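What TrEMBL records for this protein:
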DOMAIN    B:89-295  domain 'Cytochrome c assembly protein'
DOMAIN    B:315-640  domain 'Cytochrome c-type biogenesis protein CcmF C-terminal'
TRANSMEM  B:6-29  transmembrane segment
TRANSMEM  B:41-62  transmembrane segment
TRANSMEM  B:96-113  transmembrane segment
TRANSMEM  B:175-197  transmembrane segment
TRANSMEM  B:273-292  transmembrane segment
TRANSMEM  B:312-331  transmembrane segment
TRANSMEM  B:352-373  transmembrane segment
TRANSMEM  B:393-413  transmembrane segment
TRANSMEM  B:425-443  transmembrane segment
TRANSMEM  B:449-468  transmembrane segment
TRANSMEM  B:489-508  transmembrane segment
TRANSMEM  B:618-638  transmembrane segment
Amino acid sequence: MADRRAFAARLIGALLAVLLLAPLLATTASAVEPDEIAADPAIEARARAISKGLRCLVCQNESIDESNAELARDLRLLVRQRLQAGDSDQAVTAYIVSRYGDFVLLDPPFKAATYALWLGPLAITAFAFGFVFVFYRRRAGRSEAAPLSEDDERRLAKLIDRNDP
Amino acid sequence: MTVELGHFALVLALLVAIVQGTVPLHGAARGSEPLMAVGRTAALAQFLLVLLAFLSLMNAYVQSDFSVLNVAQNSHSAKPLLYKIAGTWGNHEGSMLLWVLILALFGAALALFGSGLPQALKARALGVQAWVGVGFYLFILLTSNPFARLDPPPLDGQGLNPLLQDPGLAFHPPFLYLGYVGFSMAYAFAVAALIGGRVDPGWARWVRPWTLAAWIFLTIGIVLGSWWAYYELGWGGWWYWDPVENASLIPWLAGTALLHSAIVVEKRDALKGWTVFLALVTFGCSLLGTFLVRSGVLTSVHAFAQDPARGVFILLLLLLFAGGGFVLFAWRGPRLAGGGLFRPISREGSLLFNNLVLSVAAATVLLGTLYPLLLESMGGGKVSVGPPFFNRIFVPLMLPLIAAMAIGPMLAWKRGDLGQAMKRLMVAAGAALVATAAVSAILGSIEPAGVLGLALAAWLLAGTLAELAQRIRLFAVPLAESLRRLKGVPLGAWGMTLAHAGFALMIAGMTGSQVWRQEATLLMQPGEAVAFAGFEVGFDGVAAVPGPNYIAERGRFTIRDGKRVIAQLEPEKRRYPVEGRETTEAAIRTTAWGDLYLAVGDARDDGGRVVRLYFNPLMLWLWFGAAVMVAGGGLSVLDRRLRLGAPKRVRTGAVPAAARS
């Protein structure tokens, strides 16, 4: 009984820390079970942030942070283990990618296979702005005729002269 | 009524659609009135036939006729009546039947209410609509027959996915389809105009109400889906950037752009080619959404069709209709140039900016959604494109759009004065500053993302109201005069005000619930209480409660604010024995300030329960804002100038739309 109390106290302490840190995290929901939560709130917060970027491989489009699947739970525990062993955030992610491939990353890496993905939006934006720019340029040409060059002025004067009775 | 009757009616509908797709088009080309009039009769007949087909399937569901394969696979005799009815479209075949029913419904509506339209335009639009119908009737009859029999019939059905047995989701697909399919009207009008070679302000006035109606339905459909995900999935989130969600967001973005560019065609006779192009794109996106969801190419909870033949068929339809539209546009589109000139800083310019951003946003979401599919199909390996990607790209795109949303309506047509507009928006800038200061003061800390979001929401809301105030010359003339002017504000203008104000409220809700969410996952024993987000949440225990076709474990929680009991919350975990699945039913206490959200999980050996607690600030604002935005769309549809085509109006010689602005 006392054991359970102590556990609950530790748990609530950890949770309070998570609550205080919660606004710092870009939030989605959690399927983290209470018994998975790391004792060190700093490690727990880092684990949550890492988990949100990792895909649950057996579900579709859920991060391991949200998923109830067994595999997601194993991965969550793995993330916490590595962090407790002293790995940096990058090292933990790299370790999981080395085991499961890029597919596990919800935030796709920037590399040859994803250049088009990451640069695509920029290209689309540039194209769209260019399109609108050309649109205005062409129409500006139509609305306000460019001032006549000196040559044209002279020719115009001649034409007017010629038409004068 | 047997389903064979429905099957027969659907085949007849296909034949009628073929007639509707040929005779009126031929009549329009020859200028023959009797031939064009066939379109009207055919559209009505087609609708009645599809309705008969749909009702015969629905009847089989209500009667639990398990000799029908579709019913046996997706229904169960113990299901509540609502879900027997909703079960009709809760599966691939039935949902495609709903799709064509709605298509025929729009066709019939055009036949009935479009009597003021130029006859050739109407005949062509009905003809084009019929061809879309032909494609999908063939799809159903050849690959997805909902009327197939099963011999011998089973004693009972296999039941419906319990996730779908929910009021929010029962009506999510019909609204979504009303939206998707509604954009077929814009498509039909665009193709008809390309065939006829003429796009003018009158055309835009015909297209706008249909586009608006489709947009309203699509908005409702998306919000219902989002709301459902919020309270049913038990994680307290409301948008997951799931490919299926994206498949509905892409046409929504394109459709929103179309609504705005059609205004420019209507008022200024400009951007004609672009608007026709957008109409083609919007329906193309709807077809693409149908393809993504129906083909099962995205493996997701939504995609229950796993047969590749179906995917290929829809892909062919998509290529045919979208591709055909674009080819026609490339051929005839250049003729549509011309129209009123305008400067970049003007009302038209701001609407063009809106189109620019929304198109880029739609293209970007499309890219992110399709990228994993494209990469894998080209042998480039598997990648995931998840929420981090979309948030990083989508949010920065929306910021300038929201900032400009307050300014655009303040600018004059043709040539606006930015300085003057900004002067009038001083109030809005003040509101944004006050919001920033208030939020920072209340929370005692500055959260940049949250402050930015709320400041933008305040800016847009105040800016939108400032536009209305200026329209009625509030404080510039006596109050009575302003009130008189208020009565004279056309419904279309009210529509804009409400839609923009609603969007501002939604931004506040999105920001609050994303930035300041609090969450906790606890192991709680009955009788235990925890402090959470300023509440004291006491867990009283769990009781088993039988439902109509499930068994619920209902948790009981007492929420205290200090010593006072403010709420009793009862989240459930339901088990559906027929389907062998479980669902969570979150309990939510909603206030304007935020939602307290509780979900109860599995029992532990020691009698404890996993309890998930969330506090989602300003959540109500998101739903309420969406409702306001939809109401704005509704008011806009009712605007008189959009109904000028109705026969009575034309005969009594209504005020020409040009006289109003």
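Glycine is no exception: its Cβ is also placed from the backbone N, Cα and C atoms.
Keep in mind the model is a prediction, meaning the values are calculated, not measured.
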Stretch contact, the transmembrane segment (B:449-468) with the transmembrane segment (B:618-638), Cβ-Cβ under 8 Å, 3+ pairs: no
Outside the transmembrane segment (B:312-331), six or more residues from its ends: residues with CB under 8 Å to it: 131-132, 135-136, 139, 142-143, 187, 190-191, 194-195, 273, 276-277, 280, 283-284, 287-288, 290-291, 294-295
Residue numbers, six or more beyond the limits of the transmembrane segment (B:425-443), whose CB comes under 8 Å of its CB atoms: 406-407, 410, 450-451, 454-463, 466, 516
Close approaches to the transmembrane segment (B:273-292) from elsewhere in its chain (Cβ under 8 angstroms; 6 or more beyond its ends): 99, 179-181, 183-184, 186-187, 189-191, 193-194, 199, 204, 207, 211, 243-244, 247-248, 250-251, 254-255, 257-258, 261-262, 264-265, 298, 303, 311, 314-315, 317-318, 321-322, 325-326, 329, 333-334, 336-337, 355, 359, 362, 366, 369
Distal contacts, the transmembrane segment (B:96-113) - CB-CB under 8 A, six or more residues away: 10, 13, 20, 39-41, 43-44, 46-47, 49-51, 53-54, 57, 88-89, 122, 125-126, 129-130, 132-133, 136-137, 139-140, 144, 146, 173-174, 177-178, 180-182, 184-185, 188, 210, 290, 294, 646
Residues from the same chain, set at least six apart from the ends of the transmembrane segment (B:618-638), whose C-beta lies under 8 A from its own: 209, 212-213, 215-216, 219-220, 223, 227, 230, 238, 491-492, 494-513, 590-595
Surrounding residues of the transmembrane segment (B:393-413) on its own chain - C-beta under 8 Å, 6+ positions past either end: 267-268, 342, 345-351, 353-354, 357-358, 360-361, 364-365, 368, 420-422, 424-425, 428, 452, 456, 459-460, 462-464, 466-467, 470, 496, 500, 503, 507
